[in-house]
Structures are given as structure tokens and as C-alpha cells.
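Copied over from TrEMBL, here are the features:
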type: TRANSMEM; residues: 80-98; note: transmembrane segment
type: TRANSMEM; residues: 110-131; note: transmembrane segment
type: TRANSMEM; residues: 137-155; note: transmembrane segment
type: TRANSMEM; residues: 197-215; note: transmembrane segment
type: TRANSMEM; residues: 221-242; note: transmembrane segment
type: TRANSMEM; residues: 376-395; note: transmembrane segment
type: TRANSMEM; residues: 428-446; note: transmembrane segment
type: TRANSMEM; residues: 486-508; note: transmembrane segment
Amino acid sequence: MARQQESYARHEATEEEVKELRHVVDSVPFIVWIALVANATERFTFYAVTTPWQNYIQNSADNIAVPGALGLGQATATNISSAFLFLSFLVPTIFAILSDTWLGRYKTLFLSYLLNFCGCLVLFITSLPVVKTQSTKVVGLGFAMILLALGTGGVKATASPFIGDQYAETAPQLIITKKGERVVTDRALTLQYIYNVSYWLTNIASLSLVASTYLEKLVGFWAAYLLPLCTVWTLVPLLLVFHKSFVKLRPQANVLPQASRVIMCSARHRFKWEAATAVYQSENYGRQVDWDDRFVFEIKRGLQACKVMACFVPFHLCMNQITNNLVSQAGQMKLGGIPNDTIQALNSIACVILGPVMQKMVYPIVRKFGFPFGPIARITWAFIMMSTSMAFAAGVQKLIYTKGPCYGHPLQCENTPNNVSVWVQTPVYFLLAFAEILGFTTLSEYSYSEAPKNMRSLVQAMAQLSSGAGSALGMAVSPLSKDPQILYLYAGLAVTMIIAAPTFWFTFRRYDEMEAFKETQHNDAENSPVEGLMDPAIPELVNTGEKGEGCVKITS
């Protein structure tokens, strides 16, 4: 579907037109939509296969209140799911290097889908009723989790940059709408739109958890795992059918050694990036380096993005509550016949509703009135919304403890939930949806636009490392995932995020100012990479006149 209807042939806009005319989202190529559908299908599979895990691991098969299989308890179940998330967020770095330097994104994505299929197959087989021994089920679950973590890690490293690659237009284009208005397409706005649509489709796909949890409750876990097994297989023919249409950027030579040397040069001069340029190295040390100034500029921007990503560790820890502790919290309340792990679908529904509202109403209004709402501002508000959601979750947990029959020890006196409706969780999931839309979509867009072209998968993998750190932190605090200590966990997360929000803003707000400066200097920046190396707020001379160790000499 096209975002912008044109009545005349498009052509590249002049510098004057870029400055004076209204900027709009470009029409989205068909192949972008295919990539978006493939990504949504993989997410459909992921949520369908992982959502039943908390019940599968925590509860025993003879539990009459909620479904179960292994009976290992809430703390163990939360710890195991956190370990899976940690592994799935750790391996993207390996797949990113494979993607950027050897296989390319298309082949890496294809391999990742095959790994996911194998993981779903193992889980389905070992959850069949004919498998009676618990040890076999535990081993099958562990093996399936490893395969799925590898496959999911590969997808996380490559899917987002692969989607961005499919929109190949870089220069602003002048178009005339059917209303006769002359407008200019904006690559940044188009990428923002594409990633917002991607997130919207992902949340539609995540509603697969409704089907899988009802299958889990009404038929059995084997039926719940058969669903993702069928859907993940459709990805293989989808990628094969459209393989000639996809934009496949060739993997480049390994630039990590170069990037390391650039960072070393900068670090030895107190991270003055001008010290890493070819001119500076030649004039001050008589050395010839095998990179240009544009590469130094890109490394600087990539590291800026990585610093922003590192701040998402507590954010990811909060988001992970959706798949473990909030599921268990729902099981402590009156469900009215609804599976306790279905309630988290409210988060996806909220994202589906609020996503278009943000894209069609909030963002355009903010742009119209000229309010600064760059990536850093959006992420700051995401942290605030996350804090609010965790505070509300703590309030819900406190409410559960004030109601009978079991009060502070739900499900332990009569194996029945406390007298609280599960629907009081609704605001938690809507607040989480606001945080996701402002946080994750912005991070995807920011990491793609700031990363060097031949290191986009690697930078995306760095984002996943922060997710892995969040999961590792979740494992560390998992002893609190039991009554009544869980209340302190929610409260602690709320306090952490409300402190993180202003800290993040005051630390990184100049990046928004730099983005605004870059917009006004668009054409100059394209032609003068060295000028872009300097922070507009703190200009520095390219040749500082300082002497030091310089870089390690480059040898061929």
C-alpha cells in the first residue's frame, strides 16, 4: 500500500526544495511489505511457542486451577525463561558477524528460520501425550530452547536491518500529490513509518498467544506447540519464492579490525574523533590509514547508538515480566474461564490500537507544532510509562494480598485464586504498550539509521545484548519471584525506571539536538563527512595540535 499518491513523475529534490517544502513519508515498495509479513510470521511463531512455557514449567499436570506439565515452581520457571531470553539475546552478536562478513542477511535469516523450525519440532514431539517420563520432557524442552534461542537470535540480528535494506531510496524525491501540493519524501520519516508498521504487525502476530493458550487449556500442550510448528514452516517457501526480489546487500570484508583501530585512535585522544581521521594521522604521525573520514563518522554514530542501547537493560527486565511474573500474577486471580497466560494478549491488543494513533495523530501533531520529539525524547517518555506500569503491577499485587481466601499466599490454602478479577491487570498492559511503542520502535529506527552500512547487523546485535543483560538481571532477581517478595520486585522496578528517565534525558539529550542540526545541514553533511564529526554544540579543530601515541600502524 502506498503512503503517498503522486500525480506526476518523481525526481530528486533540489537543496532549496528540501529546505522549503513539506516532508512526507515515501511510498513503500512491495518487497518491504513481504519482508514485514515474514517478520510478523516469525513473531507469530515465537509468541505461540513461548507463551505456554510458564505454565508448562511451573505447574504440575494434576493442577486443577491452571494447566501444567513439569511442576518445577514459579521461581524455577521464571529463571528458566530468563535463561532462554538471555541466550537468545546473546547469540545475535555471532549471527551479526556471520551476516555482515560472510553469509549476508538473507541467508542468515533463512538459516535462522530453519533453526526455529527444528526447535518447534522437538518441543512438539516431546510434549505429546505418549511421552510419559518427566525427564524426557525436560530434556526435550532444554534442547528445543537452545535451538529456538539460536534461531531467534539470528532473526533478531538480521530481521530489522533486512527490512530497512528493502527501502533503497536515499535521496529526497520531489513529488506532487493528487491535491497538487509539491512535497519532498523523507527517508527518516519513511523508515520511522516502516518500523512502526513492523511493530504494529508484530503485535497483531503476537495474538497467536490467544490461540496457543486456549489450545493448551482445552486440548493440551502438544496442540499448542503444533500451531507454531505449522506457521514457522511457511517462512521457508516465502523466502524462496521472493528471493530474486529481495534487496540483498553483499557482505563486506570484516571491518571490525578497522573499527577497533578507529576507536583506539579516538580513545587515546580522550575520544576526540578528529584524531582518528586520515588527515590527522598523516599530519601528526606520518601514518597512512586504510579508512576514510566517512568511516570514522559512521563509527562515532554507531557508538552513540550503542550507548543509548545500553540504557535499555532495566527496560528489558520490566518487559520480560509479561512472559513470566505477570502470567503467574494472573493465575492468582479469578479468571472467569480464561487461561491465565492469555491475559497478556491485552498488551498486543493495546499496541495494535495505540500504534496507528501514535503514527497518524500524535507524531504528526507534534511535528506540526514544532515540538522537539526526537528519539531521545521518545525513549525518555518510554521509561516514564514503563515506571508507571510497574507501579501499577505492584498495586495489583498488593490488592491480591488483601483479598481472600489465601491473602498473602495465593493458591496455597485451597488451591483456588484470591477474590480479585484478572481484568484489573488491564491498565498494566496498556501502559506497557505505550512504553513499547515509544521505546522499541524508536530504538529499531535509531539503531538502523545511526549504524555504519556494513555493520548494521552488528549494531542491532548490540541492542540484543542489552536485552540479554536484562534477562541476566532477571535471573539474578528471580528469588524475588515468589509471594510475598514479588511485591518488592515490582516496586523496585518502578523506582529504577523513574530514576532512569531523567538521567537518560540529561545524559543524551544533545543527540536530539545533533539530529535537528543534521536535518538543517543535510546536503552539507553528505559532502563533508569531517564536518559531521564535530558536535555542533561543542566545535573542535580537526588538528588539535596534541601529540600522543596515535594509532597502531596499519599493515597489509
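Including glycine, each Cβ sits where the backbone N, Cα and C put it.
If one looks beyond the transmembrane segment (110-131) by at least 6 residues along the same chain, the residues whose Cβ comes under 8 Å of a Cβ in the stretch are 42, 45-46, 49, 56, 69, 95, 103, 137, 139-141, 143-148, 150-155, 158, 220-222, 225-226, 228-229, 232-233, 235-236, 239.
With a threshold of 8 Å between CB atoms, the same-chain residues lying at least 6 positions outside the transmembrane segment (80-98) that come near it are 50, 53-54, 57, 72, 108, 112, 145-146, 148-150, 152-154, 156-158, 254, 256, 320, 323-324, 457-458, 460-462, 464-472, 474-475, 478. Cβ atoms under 8 Å from those of the transmembrane segment (376-395) belong to residues 308, 311, 315, 318-319, 321, 326, 329, 425, 427-428, 431-432, 434-439, 442-443, 487, 490-491, 493-498, 500-502, 504-505, 508-509, 511-512 of the same chain, restricted to positions at least 6 beyond its ends.
Under 8 Å from some Cβ of the transmembrane segment (428-446) lie the Cβ atoms of residues 160, 191-192, 195-196, 198-199, 203, 305, 308-309, 312, 315, 318-319, 322, 326, 343-344, 346-347, 350-351, 353-355, 358, 375, 378-379, 381-383, 385-386, 388-389, 392-393, 396, 463, all in the same chain and six or more residues away from its ends. If you look at the transmembrane segment (221-242), the same-chain residues 6 or more away from its ends with a CB under 8 A from one of its CBs are 31, 34, 37-38, 41-42, 44-46, 48-49, 52, 56, 67, 69, 106, 109-110, 113-114, 116-117, 120-121, 123-124, 127-129, 208, 211-213, 215.
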